[in-house]
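Below is one structure, written out as structure tokens; the observations come after it.
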Amino acid sequence: MLGQYLRQFGQKLVRRKPELREEPESPEIRPLNTLDLVWIGLDNMLGAGIYILIGGVAKFIAGPAIILSLLVAGVTTVLSGLCYVELAARVKRPVTGYFVSYVTMGQLYAFITGWNLLLYLIVATACIARAWSSTFDSLIGNHISEALGGTFSLQMPYFLASFPDFLALGLVLLLTGLLALGVYESTLISKVFAGLNILVLSFLIVSGFIKGDLHNWKLTNQDYTLAAAGAGDAYSLGLLGSGGFVPFAFDGILQGAATCFYAFVGFAHIVSAGVRANSPKWSIPLAVVISFFICFLVCFGVSAALTLMVPYYLIQLESPLPQAFVYVGWEPAKYVVAVGILCILSYSLLSIMFIMAWLTYAMAEDGLLFRGLAWIPAPTDAHTDAHTNARIIIVRTVAPTGTPIMAVLVPGALAAVMALLFDFTDLVDLMSLRSLLAYSLVTFSVLVLR
């Protein structure tokens, strides 16, 4: 009897999700070409990652050699993206990491992959909210952090942030409430924010090469000593390492690459939307490679501009890009850049919370989370958009009959608590680790399919 129960339990662990046939396309939704897929890829890849990661990696891990870290991370992510392309060719559905794991490896592997993806999304939400709060605080003169730090810094445990970030908490709760009320994305909003993102990034790159100083890539111990004397507190500066362009040696480049992996995350949306392409066999891999190449060039330009404008050990971790303009004497530009970054981070935060709700709903419906998380209070008409966007597909998949309230509220509340209590650098490290592990688990499915 015990052997029979164990056998049944083992069969449940390896039980695979049936590969359902995709529903026929609606005639209202036009097919996508390669350019459409590239736009979707850039819309997702050139998001919050580039604004969050660069400052910390350049200051503490790689220095100006962050450029090489981005190159290593980009090559690695291209290979992972091509694995997703192969999965899209084999699994005739919009490819998501959780679904592919369920189809290829079974329920236990899907549970592990789904939890990794969900934790990554929750941490990413908290991290983006912290970055938004820091940028806003920098815009108004750091009054919020000074007030909260003076009140709470001595009472906080060492493993938490020096002060609770109530602004980040309120932002996440606000967006969670909007999602629970049924707010959805539109293609017009997506294009507006994508255009704003390109303008901000272009301004950063051009300004950096105009005001940059090549000497900041050849810093020495003497430069560090002079900076420490000017600051009056060497502890406030970053680590110098051995100086030069690669101050933290080859180890720093590899450590930076592991963190910079998050800057290229977003290629899965190309593959998900690619099922509606005119010729997916050619359009999907071509769009993935082109998107990666453009994303790397932009990340290269922004990181080079930042490290040329400011010595890497003087980079302000909480708000590196706006503060760089203060350092070079372009203080009015700080406000323009900060407002643009706030808008882009707000859009990225809303987008990632859409995906977080979808994953929670999907896992709850499959029984891998509590069934109550898939509860939908009342049926409503599904939203259909004439122009297919990867994230809109996901939102439409979340709740064909309404908004899954619990799938929005529960992970949103967890993300809000993490944004309140945890330090920004710890969130970045945890987010990068979770994203790297989750995508590695998915690409392992390629070996199984072969």
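Cβ atoms here come from the backbone N, Cα and C positions, even for glycine.
Note that TrEMBL annotation is computational and uncurated.
Under the heading transmembrane segment, TrEMBL lists 37-54 (among others).
Residues annotated as transmembrane segment in TrEMBL: 60-87 (among others).
Within its own chain, the transmembrane segment (108-132) is flanked in space by residues 13-14, 17, 48, 51-52, 97-98, 101-102, 165, 168-169, 171-172, 262, 342, 345-346, 348-349, 352-353, 355-356, 359-360, 362-363, 366, 368, 411-412, 414-416, 418-419, 422, 424, 427-428, 430-431, 434-435, 437-438, 441-442, which lie at least six positions past its ends and keep a Cβ under 8 Å from the stretch. What TrEMBL records for 108-132 (among others) is transmembrane segment.
Beyond its flanks by at least six residues, the transmembrane segment (158-181) meets 125-126, 129-130, 132-133, 136-137, 144-145, 148-149, 151-152, 349-350, 353-354, 357, 403, 405, 408-409, 412-413, 415-417, 419-424 of its own chain at Cβ-Cβ distances under 8 Å. Positions annotated as transmembrane segment by TrEMBL: 158-181 (among others).
The transmembrane segment annotation in TrEMBL covers 188-210 (among others). Counting same-chain residues at least six beyond the ends of the transmembrane segment (188-210), those with a Cβ under 8 angstroms from any Cβ of the stretch are 39, 42-43, 46-47, 50, 298, 301-302, 304-306, 308-309, 321, 324-325, 330, 333, 336-337, 340-341, 343-344, 347, 389, 391.
According to TrEMBL, the transmembrane segment annotation covers 253-275 (among others). If you look at the transmembrane segment (253-275), the same-chain residues 6 or more away from its ends with a CB under 8 A from one of its CBs are 22, 32, 36-38, 40-41, 43-45, 47, 49-50, 52-54, 56-57, 61-62, 65-66, 68-70, 72-74, 76-77, 80-81, 84-85, 87-88, 92-97, 124, 246, 283-284, 287-288, 291-292, 295-296, 299, 388-391, 393-394, 428-429, 431-433, 435-436, 439.
Positions annotated as transmembrane segment by TrEMBL: 287-315 (among others). Same-chain neighbours of the transmembrane segment (287-315): 34, 37-38, 40-42, 45-46, 50, 54-55, 58-59, 63-64, 66-67, 70-71, 74, 77-78, 81-82, 84-85, 201, 204-205, 207-209, 211-214, 216-217, 219, 223-224, 227, 237-240, 247, 260, 263-264, 267, 270-271, 274, 321, 323-325, 327-328, counting only residues six or more beyond its ends whose CB sits under 8 Å from a CB of the stretch.
The annotation transmembrane segment is assigned in TrEMBL to 335-361 (among others). Using a Cβ-Cβ cut-off under 8 Å and counting only residues 6 or more beyond its ends in the same chain, the transmembrane segment (335-361) has close neighbours at 44, 47-48, 51, 96, 98, 114, 117-118, 121-122, 124-125, 128-129, 131-132, 135-136, 138-139, 171-172, 175-176, 178-179, 183-185, 189, 193, 196-197, 199-200, 203-204, 319, 321-322, 325, 369, 373-374, 391, 394-395, 397-399, 404, 407-408, 410-412, 415.
The annotation transmembrane segment is assigned in TrEMBL to 405-425 (among others).
Same-chain residues lying 6+ beyond the ends of the transmembrane segment (431-449) with a Cβ under 8 Å from its Cβ atoms: 53, 77, 79-80, 83-84, 86-87, 90, 97, 100-101, 104-105, 109, 112-113, 116-117, 119-120, 123-124, 127, 258-262, 265. The annotation transmembrane segment is assigned in TrEMBL to 431-449 (among others).
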Do any residues, 6 or more residues outside the transmembrane segment (405-425), come within under 8 Å Cβ-to-Cβ of it, and if so which ones?
56, 60, 118, 121-123, 125-127, 129-131, 133-134, 160-162, 164-166, 168-169, 171-173, 175-176, 179-180, 317-318, 353, 356-358, 360-361, 364, 372-377, 398
